[in-house]
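**Q** What follows is a single structure, and I will ask about it in a moment.
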Amino acid sequence: MAASVVKTPKCPRRGSVKDVAQNAPRTAPTSSKEANWNWWLLLATVFLVTFATRFYKVTEPDHICWDETHFGKMGSWYINRTFFFDVHPPLGKMLIGLSGYLTGYNGTFPFEKPGDKYNETRYQGMRYFCTTLGALIMPMGFDTVYDLTRSHEAALLAAAYLIFDVGLLTLNQYILLDPILLFFMMASVWGMVKVSKSTASGGSYGLRWWLWLFLTGTMLSCTISVKFVGLFVVLLVGLHTATELWLILGDLGQPILETVKQLACRAITLIVWPVLLYILFFYIHLSVLNRSGNGDGFYSSAFQSRLIGNSLYNASMPRDVAYGSLVTIKNHKTGGGYLHSHHHLYPKGSGARQQQVTTYTHKDENNKWLIRPHNKPGPPKGKVQILRHGDLVRLTHMATRRNLHSHNEPAPMTKKHLQVTGYGELGLGDANDVWRVLIVGGKVNETVHTVTSRLKFIHLLQNCALTSSGKQLPKWGFEQQEVSCNPNVRDKNSQWNVEDNEHKLMPSVSFSVYAPGFFARFLESHAVMLQGNAGLKPKEGEVTSRPWQWPINYRGQFFSGSSYRIYLLGNPLIWWSNLVFLALFVTVFLCNAVVQQRRAGFARSAAQNQAQVPDSETVAQDEESEHSTTDICSCCTPAKEIVPKAVPSGSPEAPNPAQSLRAAAWLFLGWMLHYLPFWAMGRVLYFHHYFPALIFNSLLTGVMYNYILRVLPKWIHHVILGLVLSILVYSFAAFSPLAYGMSGPLANEPNSTMYNLKWLSTWEF
């Protein structure tokens, strides 16, 4: 395609954005129409190939695969309006439940474990929904790269890298949060680029500009409402927006009021609007899930009082706690469990071989304790004796009839604390069973109240506080939480409250007055989610991974381990070539930065040695030095530029190499933001956590491919692209059984059809 040299309009730092739009080079209408047809043809091809590959065998296997057991179950709970606890925000699970409901699923399938057959269950609608969102990532990726490069070849290659990755295909075909998350993340980046493009072409404050701004804000809110890792794309869009505002501020052709207007518009659409949407999603979540479920115990007693069917809902219990009360005692920290015991003993090497005492987050008969005087078998018969601040008590576990006990033995997990056990027979024990009850901030003789009083239990002899350390016990403790006696009696983890209170002789009162409002529950939900997320631990036999393994495709992850096997693994040719283009970008970017810095230094040196009027060569060098790699303005161009004539009408001219490099820099930043933070995370990590970063890497590959091959004639460019696409298609066909299903011998057996594809010993398919 012929090219011509055109003079570029002034940078908006010397003239207005409108000047740039008015002075933009005019292109031939015929060529523009041809480019538009090419764009639509390629986009249609991307759509067809994407949907063909994604929906092929989407309902197979017809059994639960991997985390479908969690998110399918949660979709069922939304349909049944049953409250549950999860570490992720609610939007993705609400959409899964909604898609199931609209396609005829009734919410009764148990989703117990991977491998269970769906049988007559109408699960297909939920898979179709997740797959559809996953399939829309590729067209958006195509258009995003096209807007960044104005290159059909770059856009097509980036889309091909997304389409023909069998790992992304596998992740898109099941009832999971990941395709929903990736869709909203990609839509956020797409909107960000569209806003930048519209602003650069002088379209600010037009209808299209506003629509793209609101779309971007909506997608940002949806991304972080699916998983908290959506914060990374929020940060990316925020940095990009701040950069654009900074460049608008430096546009001397515009009054400073223009910057204020732009800032206000973006604050409304990219901050206020997403926050309101985020709150709305939680309002819907808490309104729909209004029935008691197995996740109640993760939340405070007051929170539970809003759940229909919970023992605290419209509860009528004694207001005061008395001797002889049968109570449950809940740790007052966020996500705290119930004081719990059972017949099992601590194992050898974990302190005295006495009965285990733990905290447990689920309601259970083993959570009930009887409050007794410290020096009598019980209160006087027929009389009520109120429990007060400073009283000495024994707590007897009702199911086992052993007393809450501590002694001078180290706790099993927190060695600086003392062990807490169940001790004695039928309520008879020793002096180590005596605890002093203190109300936090209480006064002498102040009454202990149900739910509202925050309590400390101080051991009389050891002077330590009953504490939930938050540490998880091993298998011998059923992975419940350790309870210990902490010498630091001021530790906030040593605060408790009485949740359930039964006493035959005391009048009951309604507790509905203590039910919290929406914002109190909204804040508590976040505290519980964040704490749960940070404390995630791998289950026994579960395959986890570390961040260094992800970019090199070191090990995959089984989605289905039955005779019909599904294995999550990236297309190695795509993943490893992505790393090559990452390295190329870093190399080119650094070299370009060095060259620009040297040119700037040369220009300054030459200017000092010139006469008062510099010659034209020095001026040209000075102008060229302005276009450094740190200038990210989407509408700045060098003094001279080669521009293809065939550009779609109404769109900005093709970016020059420096602009392409700056576009690649933003994609590289997106990759870093979605990858590097995982190195600092202490929680359990899995291979699928890398896929948001993979999308940025694949888009970067398309941009860098165009940057590197831009100097070649078009026909050579097309030949190379054809060869690359052929290799991608072939590799996809070879590795597609990983996504579509494998049967027969494993790949490490010579008679396996996958034998020659096991390139790394760590691949387990």
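Cβ coordinates are placed from backbone N, Cα and C, and glycine is handled just like the others.
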**Q** If Swiss-Prot is the reference, give me the range from 1-31, 63-93, 311-341, 590-620 marked as region 'Disordered'.
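**A** When 1-31, 63-93, 311-341, 590-620 are checked in Swiss-Prot, region 'Disordered' belongs to 1-31.
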**Q** Who are the long-range neighbours of the transmembrane segment (175-195) in its own chain, taking Cβ under 8 Å and residues 6 or more past its ends?
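**A** 66-68, 71-72, 75, 88, 91-93, 95-96, 123, 126-127, 130-131, 133-134, 136-137, 140-141, 143-144, 147-148, 209, 212-213, 215-216, 219-220, 222-223, 226-227, 229-230, 233-234, 236-237, 240-241, 670, 688, 691-692, 695.
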**Q** Restricting to the same chain and to residues at least six past its boundaries, which positions have a Cβ under 8 Å from a Cβ of the transmembrane segment (35-55)?
**A** 128, 131, 134-135, 138-139, 142-143, 146, 152, 155-156, 159, 163-164, 169, 172-173, 646-649, 732
**Q** Go through the chain and flag residues at least 6 beyond the ends of the transmembrane segment (128-148) whose CB is under 8 A from any CB in it; none is fine as an answer.
**A** 39, 42-43, 46-47, 50-51, 54-55, 58, 95-96, 99, 103, 154-156, 158-159, 162-163, 168, 171-176, 178-180, 182-183, 186-187, 189-190, 193-194, 197, 655, 660, 663, 667, 695, 698-699, 702-703
**Q** What same-chain residues lie close to the transmembrane segment (566-586): Cβ under 8 Å, and 6 or more beyond its ends?
**A** 61, 65-66, 161, 164-168, 170-171, 551-553, 556-560, 664-665, 668, 671, 687-688, 694, 697-698, 700-701, 704-705, 708, 727-728, 731-732, 735, 738-739, 741-742, 759, 763-765
**Q** Going along the chain, which residues at least six beyond the ends of the transmembrane segment (719-739) come within the CB cut-off of under 8 Å?
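**A** Non-local partners: 53, 153, 156-157, 160-161, 163-167, 169-170, 173, 556, 566-569, 571-574, 705, 709, 712, 753-754, 757, 765.
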**Q** Mind tallying the domain 'MIR 1' (318-374) by DSSP state, helix then strand then coil?
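**A** Within the domain 'MIR 1' (318-374) the tally stands at 3 helix, 29 strand, 25 coil.
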**Q** Sort out the residues at least 6 away from either end of the transmembrane segment (268-288), same chain, that have Cβ-Cβ distances under 8 Å to it, and list them.
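**A** Contacts of the transmembrane segment (268-288) (Cβ under 8 Å, skipping residues fewer than 6 from its ends): 78, 81, 89-91, 94, 210, 213-214, 216-218, 220-222, 224-225, 234, 237-238, 241, 518, 521-522, 525.
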**Q** Under an 8 Å Cβ to Cβ limit, what residues of the same chain, 6 or more beyond the ends of the transmembrane segment (689-709), are close to it?
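**A** Same-chain residues near the transmembrane segment (689-709) but 6 or more away: 137, 141, 144-145, 148-149, 151, 153-159, 161-162, 165, 167-168, 171, 178, 181-182, 185-186, 229, 232-233, 547, 550-551, 570, 574-575, 577-579, 581-582, 584-585, 588, 657, 660-661, 663-664, 667-668, 670-671, 674-675, 678, 716-717, 720, 724.
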**Q** Averaged across the domain 'MIR 3' (445-501), what pLDDT does the model get? Just tell me the whole number, please.
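**A** Taking every residue in the domain 'MIR 3' (445-501) and averaging pLDDT yields 91.
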